[in-house]
Structures are given as structure tokens and as C-alpha cells.
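What Swiss-Prot says about this protein:
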REGION    1-30  region 'Disordered'
COMPBIAS  8-30  compositional bias 'Basic and acidic residues'
REGION    21-30  region 'DNA-binding'
REGION    170-191  region 'Required for heterodimer formation with ARNT'
COMPBIAS  493-517  compositional bias 'Polar residues'
REGION    493-522  region 'Disordered'
CROSSLNK  532  ubiquitin cross-link
CROSSLNK  538  ubiquitin cross-link
CROSSLNK  547  ubiquitin cross-link
REGION    581-607  region 'Disordered'
REGION    638-688  region 'Disordered'
COMPBIAS  651-666  compositional bias 'Polar residues'
MOD_RES   800  (3S)-3-hydroxyasparagine
């Protein structure tokens, strides 16, 4: 038993010794292996700090890659580098916009340049020897295998096998936008544009030791260029580069202005146009595939292609396109392109598309040249052609707009004959031009040119059907077949008198129009439904609150507002014309002073009183028989008294601006004109409205009961003071205090109510509105007699209404007698 136990102990001791020897042998082998790997690592063309920290697997991987590279270099016909080439080797990688990568036919990266760390964040030794499929996007693996395949089949005669490769590859990148390095597990995908070719190398010893022929070695040599994101472009863009943005269907939504200098296109004309319209036809297939890759991988570089210039020819361009994704839903939003123009315009005389023919058929000229040629040939062109050209070129009209400090020269609307404007105005009385169609063709042309209404609205006879202010007018209103009249107004003449010394300054600085005919515009009967007489009340009333002045609602006739009630028990002291003081002198504009047959300054030196008297004789009345009776109504507007200090004219208080604008009118300005005028003359009314209406009837015509009922209704009113009497009348008043210059006279507004009766539905209405102006006040305040026109008091204007066929107005007891006879 003891012998058996001793034998077992010996066996245990021997086994332990063997194990210890085995461990020592293994330790010795590992140490020798480590020494070999250490020596092998230092033989690799790597920095010492890199090679000293490599593990055995890395050393083997790098060594195998190095041996393969050496095999490729030995297989190729390499020239002996001289000293100059050796010095230039260090600059090659700096000149590249990417890194160099060499792949075997199975996808191993046997070589990669050391500048890969600059673009991808991964170091050279981390990638060398690894398979490219470990670092690329899974969706690109199939395309990558196709690029690595070299087909050795038969090639058609006369054609060489294509060994060029160009594709886009998504590879892992550990660089952040700030240039920092992240973990490989958090790496993002960066698009690389890989261009290169396949090389097939035959070794020097074509046969192995066993007598078998070795297959040629195939590798893919690539230059990988990362496509920068537009938001991370570090290098400033030069003058040969322009940016563009496109929708997902490749239509321009933005383009840089530099494209104008490079290709001739204006950025505005490219918006909404597809970029395919400007590609050269031979490059369309290549660009279509490139755009397909862009939507698949997010970024592409088109390479050099031809893009058509505007006036013919093409330029070579290289574009970097990037798809911009929405940060919320990660959906593609737009495409941003950085376009590098690498050449000038080539074959600029050659036309490639229809867009380029537009410049040949329609040469583009500058706006300045067009306007110069247009106005230098204006004598030989008619007005219609000039209007058409100006209408087609609205942008060119801005060249004609006056700038600050320019001298404004009033245009002469008269003819080119030897007759002056004074002689033209002498031919026809001025009121005929203002209120009635002129018989003079020259004056008609002037009126048409000054009219703010469209040219299609030709002047028609003035008619009115809504002013039964006088008893005789009311009688004619109720008649079934009234007659219409055409009135002609004249002014008495006096001798020429020189104006006061202060008139010169007024003439020089006055920006007013040339004649009173420019202060009016007429409204045709076609506008009756929109431009009713109640609009005049709302337009010139101080307390109006109407929001819509052009109201088309019909209102009943307010009979109490047509004429004042004059009680018989009160004895009003009515004054005749000879008891009134003559008109006072006023300064006139040079245009009004030239019209000798119509207006002349008087001898008075006081400021003018805004009065007007019109006499219609039987010789001047023209009766025209028609189906219905048409009224003739004239609404004349006057400004405040001239002795009130005037403020500088503005666009809202004057119907004409300093530059001669004709856009302002009572019907357009509305309430704003009255408000501005009230601010400039707060102590006096701004507009005095006078309605003159006259008819001819048979003297023996009797009033029917309707007239009596109308007058009875009128007499129910009471007169509290003069102001209320003025506002109640149907005819506005003209009053002024000639002896008191310090106080301003309150002027009343004409209040008119109008409607259409059933018998007058077909009648046509025409209203003449004379816009308020100081010039009109001065013009109308002057007459042609040595003794000026008499000043009318409030009672004269209200009571002494002109009756049929009479040149003189009833006065005093005769008027009271006439009123008693009516009752």
C-alpha cells in the first residue's frame, strides 16, 4: 500500500513539472512573438507613437495591407523619382479635396491616406486592412460590389472596357459640426464622391513554384471627396460661384445675382422655371442620374456639365447639390445648390434652345434708351401710339416722375397755331366751356384733356330733375311734357384796369390752373344712380358722418327744405342792386388776367367778395323740344374769404397739387377735403354752394292745387335768425361784409334733397361741380363794368329768385304783391 501511495506522489510531481515547463515555454513563445510583432510594427511605415501602441492583430492587418501595396507597386511600371518629385509628394494630399483609398476586389482597404482623419474623423490605422463594408451604409453595399467587379469578358472590337468609376458612397463619420471626434457607435453618415478607376496588375513571376499561373491582381483606386453642407462652407465663395435654391421638382425658387454677370440671366426670369430647360441636351442623362442619387443619398456633385447661356452658347459648371430636410418631420423640403462656373461663355453665337432665340428676335434695350427714342420722335407719332408705348412700359414712366427740386413747367394744352389761349377763350363765353358742350373744337379738346372722367364719357347737355326750389320749377315738375333749355351765360364788360402791386407776387407764386374751366368736372347721366344730389349735401356738409358717400338709397322729397317761409306780417327791408356797395378789387392770376373778354380786375383795392351774377337774356336762351323736361343745374363752389390768411396748399385742401395732379376731386376726396379746409380756415366756412336754375314757361300758365299745397307746407317754418334762413333755402346765398375786414362772414351750405319721380325715370341728369379754389373766387369776383357787380344780401338771394322771361328781379312791395297773388 505504501509503495502504491509513493508512486502516485511521483506522478503528481512530474505532471506539475511538465505543466510548469509548458507554461514557461508558452511564456517564452509569447515573448518571442511579441518581440517579432514589435519589430514588425516598427517596420511598417507608421509613426513610432502609432506603431508602438498597436496590438498584434492590428500589426498583422497593417502588415498584410502593406505587403499588398508593395505588390501593386512592384507590378506597376514605376519611374524612379527624382528629388523634385520626392519633395512634391507631400503637397499632393494638401491639393486634394479628399483622401485616397485603394480597395481590393473583395473590398479590403489596403491603403488609405493619412488625411482621412481631417474629413472623416477616423484615423488611417483604424481603417487600413478593414473591409469597406464595415464602414459604409448598408444601402450602398450592392452598388459598391458592382463598382469593385471587373468583367474580364470579351470586348467588342474597337472598344475598350470602361474602367472608370464614379459613384456616391455614404461612410461613417465621427466628426461633429464643431470639428470634435465622437465614438464610432455614434457616428453619422457622410456622402463621399468617389472617382477613380480599376487597375489590373500582373506580377513579375507569372508562374508559381508549382507551375500554376497566378491570377492578376485587381484593385480599385479612388479619390474620395466629401461634399460639404451649404451651412458649413468655410471657404468664401468667389465671383465665379453663385447659389441657387430649387423646389423638389428642380424649379428655381431663388438664384444669386452673380448669375447675371456669368450667364446673362436675371434672377427674376429664372424663378418658377425648371433647371432642365437650361441644361445642354448631351448632359441631360448624366444629370438625371445625378439628381436621382441626390434624392437617394442626400448630396451629390454633378461634375462638370454644360449650362446654356442667355444670349447663346454655354458655360461649364460644376454643382454641389444638397437636400435640406425639415427638422420636424425629417421630410425633404428644398434643394440648395452651390454652382461653380469653371469657364466663360463658349460658342456664344450658337443657339441651343428656344429661350436663347428670344434675345435674338427681341433685342433688349435699356429703359433710358427706350424713353429717349420715344420722346425724340414724338412729333411724327400720333397720340394713340404714344399712349400704347407708355402703357406697355409702366416701369419706364418712373423716369418721367419729377424729383425733389425739379422745376415744374405747366403744359400747354392748346394747339400749335398762332392763336393764344386768350384768343381761344374770347371765341366762346367761359361758362359755355364750363357748363355746356363747347362749339369750339379747340376748347372741346382742352376740356376733354382736363376732364378726370374717362374719354368714353362724352359731354352731354346738362340736365337736372331734382331741384324744384322755385315755384315755377315745381309747376314744371308736375307737367307731363316739360321742355328743356340750353342756357348761355355771359358777363358784362368793363375797361381794363391795372392790378394792384401785390398782384405780381400772387401771379408768380400761384400754382393754380390756367382757367376756371379746369376747376370743374361734369358727371354724365349714366351716373345718376350712384351720384345723387343728396351726395352733394353729404359731401359739402360740415357735420356729415356718412361712411359711404355714394349711397344709392332713394329718399323722399323734403318739401320743407326747398324754400323759406316768409311771413307776411314782417316787413323786411329789401334792398335793390343800386343800394349795394360795388365789388372790391382782388389780385388775379396771370391766366385770368389774359382773358379780357370774360374777366377783368376792377378799380377797388379791397379783397374780393365771392359773388357771381349771371344774366340770361331771351336772345341767349335756346329752347329745344324733347320728350321730357330736363333741369339745368350748376353747382359752384367758392372758398373762404380772401382776407383770411392762406396756408400753403396741400394735396387734401386743394384739388390740384403743386405738381399739377388732377386726381383730387370732391367726389374722390370726400370728407377729407372739408376736414382739411376747416383746419386751414377754422373761423369761416370753406365752400359756398350756389345753385342757379332757370326755365321758360308760358306767362299765362296757372298753378294747380299741388303748387298751393307745396307753398302752404313751406310757410309752416319759422325764421329764427339769418343763419337758419340761409340753411333752409334751396338756393345758396352769397354774402359778405365789405366794410368789416377783421371779421369773417359765416357762409351757409346748400342743402339739396333730390329724388326721381315716376314720370321722370328715363330722364338723364348731369351735374357740374366746380371745385373750391382761391383762384376761382378771384376770377368770379371780377366783372367787366367800371361799377362792380352788386353784392347780394341773404334776402336778395332767397326771395328775389328769377322768374320766367324777366331780366329784372322783383323788389320790395312788388315782391310782396306777387306773393299775395300766388296765395
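Just so it is clear, glycine is given a Cβ too, placed from its N, Cα and C backbone atoms.
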When the pLDDT values for the region 'Required for heterodimer formation with ARNT' (170-191) are averaged, what is the result?
88
Which residues of the same chain, at least 6 past either end of the region 'Required for heterodimer formation with ARNT' (170-191), have a Cβ under 8 Å from a Cβ in it?
119-122, 135-137, 139-140, 224, 226-227, 232, 297-300
Three-state composition of the region 'Disordered' (1-30), taking helix and strand from DSSP:
29 helix, 0 strand, 1 coil
How many helix, strand and coil residues does the region 'Required for heterodimer formation with ARNT' (170-191) contain under DSSP?
3 helix, 10 strand, 9 coil
